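Chemist: I'd like to ask you about the structure that follows.
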Amino acid sequence: MDSFPAIEIDKVKAWDFRLANINTSECLNVAYGVDANYLDGVGVSITSIVLNNRHINLDFYIIADVYNDGFFQKIAKLAEQNQLRITLYRINTDKLQCLPCTQVWSRAMYFRLFAFQLLGLTLDRLLYLDADVVCKGDISQLLHLGLNGAVAAVVKDVEPMQEKAVSRLSDPELLGQYFNSGVVYLDLKKWADAKLTEKALSILMSKDNVYKYPDQDVMNVLLKGMTLFLPREYNTIYTIKSELKDKTHQNYKKLITESTLLIHYTGATKPWHKWAIYPSVKYYKIALENSPWKDDSPRDAKSIIEFKKRYKHLLVQHHYISGIIAGVCYLCRKYYRK
């Protein structure tokens, strides 16, 4: 990169339990880029893909800044039980401090940019997924997807995001074209030839950068006119926050349907949180119960945003005492943070 310091990315672990006679000519390569808070989510996401796609070859790549022995043991078990190849990389984030981050998203959101660059040295195509994406169907069609000259196949973001993106990025041409970056199927050679990682980092380092969703916004700016749009089934966006207004907790069925292939649980509340006890997260629970993480306790609130979400959901679930206590905890953290 011309204007960005070299980033250290090292392979730390790799497991290959594929059968000796496996045909590797057709393989769906899947990558994740996360910090320590999302590692377990990656494990369950991988499990969900395996459960629904045992008929195809799968290779998984994870880029993270921190790992732990517990994760190593569980991901190795997942690889062995399902005859997978899984490769882990560690990224040194010291030189990423110049990039913007938010209260909700850490600088791990940029790991995908380095994943595209690194894996492009050995792979032709790659399916990138956020850790909060759960598979509930057959995605093998991607193996034979014609990109028709496009750099990436993506799914348009939900309608409320379209006009906001146009206003935020001052680009009317993005209306109806703004995509969600949680599911991206990429031609890595075209990405590299266009030097898109370098260009993205250059934009992100600019003093004029006012992106609300830095990684997603910059990818939309750079890939404008270079994308192929996939149907909503490949990135069905569902926000657990919507359960706060749905007393029946059945409205998710209007979005997550029989034809849905990939569910993207966006928002601060994730399906692995202790208070996410709704029918809409059953697809995550199915994968969890079939994974090495099945005996782990659900995640409790850590950040102030999670504390805020927790008390609201507890009250909706009629856990009034625990909800009030959680609300007090949130207010105390909010007050003492000032």
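Glycine is treated like the rest: Cβ placed from N, Cα and C.
Dumping what Swiss-Prot says about this protein:
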type    : residues                : note
BINDING : 33-38, 130-131, 264-270 : UDP binding site
BINDING : Asp130, Asp132, His264  : Mg(2+) binding site
Chemist: What residue among the binding-site residues Asn37, Thr266 has the most other CB atoms lying within 10 A of its CB?
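Modeler: Answer returned by the neighbour count: Thr266.
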Chemist: Counting across all protein chains shown, how many other Cβ atoms sit within 10 Å of the Cβ of Gly33 (UDP binding site)?
Modeler: 27
Chemist: Would you identify the secondary structure of Thr266 (UDP binding site) according to DSSP, in three states?
Modeler: strand
Chemist: Minimum Cβ neighbour count within 10 Å among the binding-site residues Asp35, Asp130, Asp132: which residue?
Modeler: Asp35
Chemist: Within 8 Å of the centroid of the Cβ atoms of Asp130, Asp132, His264, which other residues of that chain place their own Cβ, given that this set defines the recorded Mg(2+) site?
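Modeler: Nearby residues not in the site list: Leu129, Ala131, Val133, Gly182, Val183, Tyr265, Thr266.
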Chemist: Cα-Cα separation of Thr266 (UDP binding site) and Asp132 (Mg(2+) binding site), in Å?
Modeler: 7
Chemist: According to DSSP, collapsed to three classes, what secondary structure does Asp130 (UDP binding site) have?
Modeler: coil
Chemist: Rounded to an integer, what is the Cα-Cα distance in Å between Lys270 (UDP binding site) and Asp132 (Mg(2+) binding site)?
Modeler: 7
Chemist: Just how many other Cβ atoms lie inside 10 Å of the Cβ on Lys270 (UDP binding site)?
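Modeler: Lys270 (UDP binding site) is surrounded by 21 other Cβ atoms within 10 Å.
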Chemist: Within 10 angstroms of the C-beta of His264 (UDP binding site), what count of other C-beta atoms is obtained when all protein chains are considered?
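Modeler: So the number of other Cβ atoms within 10 Å of His264 (UDP binding site) is 20.
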Chemist: For Asp132 (Mg(2+) binding site), which of the binding-site residues Gly33, Asp35, Asn37, His264, Ala268 has the nearest Cα in space?
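Modeler: So, spelling it out, the nearest of the binding-site residues is His264.
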